[in-house]
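Some features that Swiss-Prot has for this protein:
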LIPID     GLY2  N-myristoyl glycine
MOTIF     305-308  motif 'PTAP/PSAP motif'
COMPBIAS  584-601  compositional bias 'Polar residues'
DOMAIN    766-841  domain 'Peptidase A2'
ACT_SITE  ASP771  active site, protease
DOMAIN    905-1093  domain 'Reverse transcriptase'
DOMAIN    1307-1437  domain 'RNase H type-1'
DOMAIN    1490-1647  domain 'Integrase catalytic'
Amino acid sequence: MGVSGSKGQKLFVSVLQRLLSERGLHVKESSAIEFYQFLIKVSPWFPEEGGLNLQDWKRVGREMKKYAAEHGTDSIPKQAYPIWLQLREILTEQSDLVLLSAEAKSVTEEELEEGLTGLLSASSQEKTYGTRGTAYAEIDTEVDKLSEHIYDEPYEEKEKADKNEEKDHVRKVKKIVQRKENSEHKRKEKDQKAFLATDWNNDDLSPEDWDDLEEQAAHYHDDDELILPVKRKVDKKKPLALRRKPLPPVGFAGAMAEAREKGDLTFTFPVVFMGESDDDDTPVWEPLPLKTLKELQSAVRTMGPSAPYTLQVVDMVASQWLTPSDWHQTARATLSPGDYVLWRTEYEEKSKETVQKTAGKRKGKVSLDMLLGTGQFLSPSSQIKLSKDVLKDVTTNAVLAWRAIPPPGVKKTVLAGLKQGNEESYETFISRLEEAVYRMMPRGEGSDILIKQLAWENANSLCQDLIRPMRKTGTMQDYIRACLDASPAVVQGMAYAAAMRGQKYSTFVKQTYGGGKGGQGSEGPVCFSCGKTGHIKRDCKEEKGSKRAPPGLCPRCKKGYHWKSECKSKFDKDGNPLPPLETNAENSKNLVKGQSPSPTQKGDKGKDSGLNPEAPPFTIHDLPRGTPGSAGLDLSSQKDLILSLEDGVSLVPTLVKGTLPEGTTGLIIGRSSNYKKGLEVLPGVIDSDFQGEIKVMVKAAKNAVIIHKGERIAQLLLLPYLKLPNPIIKEERGSEGFGSTSHVHWVQEISDSRPMLHISLNGRRFLGLLDTGADKTCIAGRDWPANWPIHQTESSLQGLGMACGVARSSQPLRWQHEDKSGIIHPFVIPTLPFTLWGRDIMKEIKVRLMTDSPDDSQDLMIGAIESNLFADQISWKSDQPVWLNQWPLKQEKLQALQQLVTEQLQLGHLEESNSPWNTPVFVIKKKSGKWRLLQDLRAVNATMHDMGALQPGLPSPVAVPKGWEIIIIDLQDCFFNIKLHPEDCKRFAFSVPSPNFKRPYQRFQWKVLPQGMKNSPTLCQKFVDKAILTVRDKYQDSYIVHYMDDILLAHPSRSIVDEILTSMIQALNKHGLVVSTEKIQKYDNLKYLGTHIQGDAVSYQKLQIRTDKLRTLNDFQKLLGNINWIRPFLKLTTGELKPLFEILNGDSNPISIRKLTPEACKALQLVNERLSIARVKRLDLSRPWSLCILKTEYTPTACLWQNGVLEWIHLPHISPKVITPYDIFCTQLIIKGRHRSKELFSKDPDYIVVPYTKVQFDLLLQEKEDWPISLLGFLGEVHFHLPKDPLLTFTLQTAIIFPHMTSTTPLEKGIVIFTDGSANGRSVTYIQGREPIIKENTQNTAQQAEIVAVITAFEEVSQSFNLYTDSKYVTGLFPEIETATLSPRTKIYTELRHLQRLIHKRQEKFYIGHIRGHTGLPGPLAQGNAYADSLTRILTALESAQESHALHHQNAAALRFQFHITREQAREIVKLCPNCPDWGHAPQLGVNPRGLKPRVLWQMDVTHVSEFGKLKYVHVTVDTYSHFTFATARTGEATKDVLQHLAQSFAYMGFPQKIKTDNAPAYVSRSIQEFLARWKISHVTGIPYNPQGQAIVERTHQNIKAQLNKLQKAGKYYTPHHLLAHALFVLNHVNMDNQGHTAAERHWGPISADPKPMVMWKDLLAGSWKGPDVLITAGRGYACVFPQDAETPIWVPDRFIRPFTERKEATPTPGTAEKTPPRDEKDQQKSPEDESSPHQREDGLATSAGVNLRSGGGS
């Protein structure tokens, strides 16, 4: 249902009564409420997660049955079963419809009509769909399975029954109809009476009911039984149906139609207004098309709720008038439970916002109940009466809520922010976590894993310490059990306990809280006898099996038989007193820190240390050595100790006393094994004359560490002692102070007054007592801030008295005192009279105590607080000295240098130096006539690390609170009063030269901060800041500003600011800084950092812009830099300064000449005018302030405003983007203004005023991501009207700042225009109904061409138009370009500016749309774009040839004839191809008979192409006349492969008269011979093992392989067949001969009728020349002639033929013919191109194929 509480109850009761009343049944409201309350008790999940559907309702029934079994039937209300059964019958109707529909599909329409005539005519006006039963027994599992089966199996997916099944179904239907016809009337009456006459005090079924129930249940598994609808009572008062049909459709749509006829409008929507006008609209519910709902559900399931298509379907649904109930039903039916919860939440939030926004406009006519469908509008019948405005708001909110659903896979960071608070109990945190997780995902293994992971990750630090050991193995119950009493004391105590038991911390936690595989205590209890887990002491077998014998005579008293440890005697048997009995730590019950009940160490006591424990103290000579080769002597602890991280450094006694052996000194170092257990030993030096006890300084490196008595913890290394003649402070060290040589400190004597000290904790000052006896700092309860968290501890304060109820800070605090700071974790004691500073903080601030007594119990030396009056030490990149020789100086400058050095020596700023560093110095003369000393420190600056700027900007006096008194002081010679660190002085040495080298150079080095050192400003700022820190802490309510050597003091009271001045001067003098008393300014008319403070107004000091020296780029750059510096005080917009900024464009040379333009002169005059009136105000902290965005020309301007301007904020002149919309400039100003407000006042402005209307602002938030980002985290208000002040009225005269001419959707009556442009500079504008406009400019880029085309459209068409382009760049310009500022740096600035002006001149709107190019789709838009695109192409013939060759790799002749290029160009293309020249072959000259026309003689063979794998056997057939080739790749070369190849060849090439092959077995087989005989094809074979007879096909093999290699290198082919087909295509249809004919043309084209040439030829057999005869064909190496007296042609080598030229002389006789000389060398060396086909030579692949030189026939 999704609703709980009283609303859920009202909703359920209303729905229940309505459903039952529609069936003629009535139930009292009290009975319905009682049933609902019982329902919540049985099924608490139902109000929130359940719904009125069959699945949930049956789950309720099962839980009712389970509840009755556990609590008895008397615990169930009497009316529960009847109500549940009736409601289940209603919900089951849909199942019956599905079943009936499935059965009806197998029955013919005539048979179904005949079989159901009686049933349908019985009550034609009361047709409803019923249920299968009404008894409680139908809740059983079998019925559930049947119902689920019916729902899970859609009837559309059932197969149609065959004819026999159809007959069976007809028989079944007839049989059932007959049965139902007889009992229907009786069943109807019985069904109604059963509910109306129900005895509410008796829920037992009557015998008749049980019989009927058993009969119905028996039919559930009967194949012959078909459940038909049960007729129900219909309320006669319902209005008649609007439409009547003879037979309603079967299925869900039919059920809805039937329900509407009966007046049931629960599932009928949307609302349709039937009136003709708004006044007489009558709302009527109409059905939403079921197809639409199915489409929506399918889209959500397949593509997600936020997919574009899904949102389109939602918009289609939203086009109807839907009520809140309709939307909830639609969302619940189509969305997942998690998405539905998100949608419902968002819908409620949007509805609340709508009510708030429209409260004033509609005067409360729209309530939240209307929008949510709650309260009096809970029922659908009441929602139908809602007005159109309300329904529109409902639809708007529903769609917005739908769009807010995140896409699949996008996880919100809700769970990441759900963390346990410091004071929150762990179980409360887990409860919140489970609630959040279960809302996002259903319960199950996945949610449990997520909860467990987050229960660890998001827990606080204390709980994580307890969970960490069992994180992987523990359960959630283990986590909760461990964190029940989580506190720092518990964690520390467990660490102590683990250490005392010798266990790991993780093991101890697992034993205590569980976490193993077995849950809590999976390892079992721990035995106190043997220490093992799994049993207790009484069950210990080791104890029982190892009982020691009875004790003998006591060795202590010698008087009785008992153990020594149990001896209680005070005197021995002789009466002598006995020493006290030593008590082991194990038996001690009063354990304190430092006494650990540790288990016994390996060996006896003292054995591990090697010392005799009965004879302390020890000397150095008693210490043991680990091995003969050990370098150190072992030091052991002589007491049990437990250390924690908070204890810091502790001293461990060793009972070993000095002195060391003569001539040695000692070095104490730790043992490596100690580091493994977390014990860190601090190294120490033992002086040779030290006589006291040697102690070891240790500290814990992890939670807790235990040190057992006798355990070796350190080594003492004895080293040779070299005594030097250094000064001696004391004669002998003796036993005083453990450590090395003493220090010299300032001494403060102890007086009667308490030693109190101020220390800051987290920025808050505390006054406390220095207590050397306090281990830890303790804060008095009265001093502790109430809002600082603390937690109680189990420890108590022990001293002279005891303090209980000790608390401790829940978080570490940062302390600070002067220049020292650190972290402490103090205790908080309510009863302390004042705060105690313990040793944990005194040792950090260097507090020491000096005493002459050698018997101090504390080995400490405590003295006064150290001071440091040096600047911080500089960090250097290298220690390599830098030496630059001093250059010579003139006499005047040399004398000035010597005088200045003398003065600085007297002032203590310089000292003599022997430094290896040296850099030059020089002097300059100031205007006053005085000289100034400077040092060239560039080389030194390069060797130091940059310390950075501590104050990146100037402080503004605007932030000084309004009305406060102000004093400004200035420090005199600040750099020279700050001392350099002694280690750095040597690096700033210099030399004073001597003329003519009369004396050695005098060398000096600076002791103070030198001018020219890059880190001097930073060091100065840090030093002064430390000096005034005490004044800041003392006067925290004052306002103190420090920048370099200027300090501003402010306070509301004049007397207090004077007091601050006195304290400030004292603090500065204490650090050696001097205040210039003559420069102290007080109260009013003050000058500070270039500004003038007069009252509450701040102005810039008077300036005058000079124009007489503005000549170069550098001059103008400085001028504009100064103007920008003072612009925060000036009302100067960027548009007003634009003429000045434009002067900077052009040559980047700094000395390039620039001139003032008239516009720039006006801008400078405006600057001077604004300087004279520039004023800003100081801030009033008690009032809010605003950030106002002002709409000014070119770019917007902003100001911080509080009844006046606090500061002006401007944007740069040039934007980094080419096109920046005006609204984006506004977001940049918002970000910059908020940042500036936080810089000045540490707070966001209270209001932001934007130059847009509310509607425009909302649209910008939705459409532009920059706006939400600019307002991220802003908690104030956004306003849309500027303050009414004359200062801001200039912004009212402004240009367009919001696009209004660009339409976001296509215009209905707009002219259609297509534009395109290409990189060749051609732009095309195709206006529908006109001739295309083509413009060419070879200088244009593709972007420029695209923009030119768009500009042409704007120039040609003034009406509304829809422009389409395939350029993303062009569509991206709109609508921003309408209000954008254009950057002049772009090359297309002129075109963009022209386009912008055309837009501003337009009177009609336009639309710019993007369309994908080269899609080949049908339709006018795609075709129009394709047409425009085709007009932009200008491909040269050479480019086309290159593209074609890159694809096909054809020969040069084909390129020449196809693209009409020269022979040289074609050859050059082939030559430059990286794949073609590699495959040239030299032809073999010879004669090979071939056909004289196509399809006469073929040659066939098989070649192997290994790259084809299993298809490597390539069968090749070539026509010897046309050279037309066909090949197939096959898996073998057997007879079947040859037959299949021949069949395909015939289909591809026709069939020949003769085929020539070699003597391969497949070719000479009987099958081949029979096959060729049937086709009447002659078959001949060549000479065995002589391939020359097959020369043509062999050459074809090479051609095919060469073409395959070319294509394979140039492209990607998926199969061998694909590659082979492309190669055949090139050889047959692309390559050409010298006459421009392809092989296909020669093979299929007509044979030329041109006359054959006559030649003379030599008969090789007769050795004589004959002729003239007809030359049939000729080629490289061969010729075919047809003698006039012969019957067949004769083939001869081509060198034995001569062209016949008809002469007057007679034909030469044979004798003379023999003497005819052979062709000259020139003929013999003719180019192959002159004799062979181009497709065989020009690409380097010459073959033996020839060309019919005259007729164009084959070769």
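Quick reminder: no glycine exception, Cβ is built from N, Cα and C everywhere.
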What residues in the same chain, six or more past the boundaries of the motif 'PTAP/PSAP motif' (305-308), come closer than 8 Å to it by Cβ-Cβ distance? 299, 335, 339, 402-403, 405-408
Tally of helix, strand and coil residues over the domain 'RNase H type-1' (1307-1437) according to DSSP? 48 helix, 29 strand, 54 coil
What average pLDDT is reported by the model for the domain 'Reverse transcriptase' (905-1093)? 90
From the DSSP assignment alone, can you count helix, strand and coil residues within the domain 'Peptidase A2' (766-841)? 3 helix, 34 strand, 39 coil
Cβ contacts within 10 Å for ASP771 (active site, protease), all chains included, total 19
Is it possible to list how many residues within the motif 'PTAP/PSAP motif' (305-308) are helical, extended or coil according to DSSP? 1 helix, 0 strand, 3 coil
